[in-house]
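Take this structure first; my questions come after.
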Amino acid sequence: MSTFPVLAEDIPLRERHVKGRVDPHFRAPKMEMFQRLLLLLLLSMGGTWASKEPLRPRCRPINATLAVEKEGCPVCITVNTTICAGYCPTMTRVLQGVLPALPQVVCNYRDVRFESIRLPGCPRGVNPVVSYAVALSCQCALCRRSTTDCGGPKDHPLTCDDPRFQDSSSSKAPPPSLPSPSRLPGP
């Protein structure tokens with residue numbers, strides 16, 4: 001199937017006028033195609049820009065500092081680890097009362113390794129070893145209550161639960177009289 005070029009004579013005279021006279025170089029069909037291509041390009045780039053990292057970071061391992069304490073030990077320390085955090089695509093129904101709720105996915109651990117540290121200053125009879133998770137990879141999935149705290153964030157996730165260790169400073173380092181925690185070799 002061949003296409004025929006559109007000539008200026010085929011376009012109505014009122015569309016070919018420029019400041020009251022006929023433009024002999026009028027190219028409306030090509031300009032319209034250029035505008036469509038430009039619009040398509042801008043729309044496709046807009047979708048790309050909206051999904052870039054700074055705007056909505058996806059579920060992935062990130063560095064985090066967590067407070068570690070153990071009942072019976074007089075110390076609360078912080079450890080650097082990786083946790084799973086970020087956005088997962090979710091949907092909700094407009095008519096929630098009529099239709100059942102959709103399952104919501106959250107950022108979960110996919111592969112995890114556990115590391116252990118020895119808390120300093122624990123009295124005899126209290127095991128000083130504490131283990132914590134290190135996220136190797138993450139995934140968006142239903143919340144597994146067996147391995148994940150599905151509730152909202154704690155008011156102060158980097159603080160210790162024991163009121164003796166809660167103070168106005170953000171430092172959770174062990175007291176200077178106690179040695180630093182020692183890392184134990186992984187399994």
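In case you wondered, yes, glycine gets a Cβ from its N, Cα and C as well.
As annotated in Swiss-Prot:
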SIGNAL    1-50  signal peptide
DISULFID  C59-C107  disulfide bond
CARBOHYD  N63  N-linked glycosylation site
DISULFID  C73-C122  disulfide bond
DISULFID  C76-C160  disulfide bond
CARBOHYD  N80  N-linked glycosylation site
DISULFID  C84-C138  disulfide bond
DISULFID  C88-C140  disulfide bond
DISULFID  C143-C150  disulfide bond
REGION    161-187  region 'Disordered'
COMPBIAS  173-187  compositional bias 'Pro residues'
Taking only C-alpha atoms and a 10 A limit, tell me which of C88, C107, C122, C160 are near C143 (disulfide bond). These are the disulfide-bonded residues.
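Of everything listed, what lies within 10 Å of C143 (disulfide bond) (Cα to Cα) is C107.
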Using Cα coordinates, what distance in whole Å links C59 (disulfide bond) and C160 (disulfide bond)?
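Here the two Cα atoms lie 26 Å apart.
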Given the recorded positions N63, C76, C84, C88, C160, tell me which ones have a C-alpha lying within 10 Å of the C-alpha of C107 (disulfide bond).
C84, C88
So of C59, C122, which of the disulfide-bonded residues has the fewest other Cβ atoms within 10 Å around its own Cβ?
C122
Report the nearest neighbour of C88 (disulfide bond) in space among the recorded positions N63, C73, C76, N80, C160, comparing Cα positions.
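Out of the listed candidates, the nearest Cα belongs to N63.
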Which number gives the other C-beta atoms within 10 angstroms of the C-beta of N63 (N-linked glycosylation site), all protein chains shown included?
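A 10 Å sphere around the Cβ of N63 (N-linked glycosylation site) contains 10 other Cβ atoms.
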By CA distance, which of the recorded positions (N63, C73, C76, C122, C160) lies nearest to C84 (disulfide bond)?
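Considering only the listed recorded positions, the nearest one is N63.
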Measure from the Cα of C160 (disulfide bond) to the Cα of every one of the recorded positions C73, N80, C140, then give the nearest.
C73
Could you give the Cα-Cα distance between C140 (disulfide bond) and N80 (N-linked glycosylation site), in whole Å?
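About 23 Å separate the Cα atoms of these two residues.
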Count, for each of the disulfide-bonded residues C88, C107, C138, C140, the other C-beta atoms lying within 10 angstroms of its own C-beta, and report the residue with the smallest count.
C88
Which number gives the other C-beta atoms within 10 angstroms of the C-beta of C73 (disulfide bond), all protein chains shown included?
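For C73 (disulfide bond), the 10 Å Cβ neighbour count is 19.
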For C59 (disulfide bond), which DSSP three-state class applies?
coil
Between the Cα atoms of C122 (disulfide bond) and C76 (disulfide bond), find the distance and write it as a whole number of Å.
11
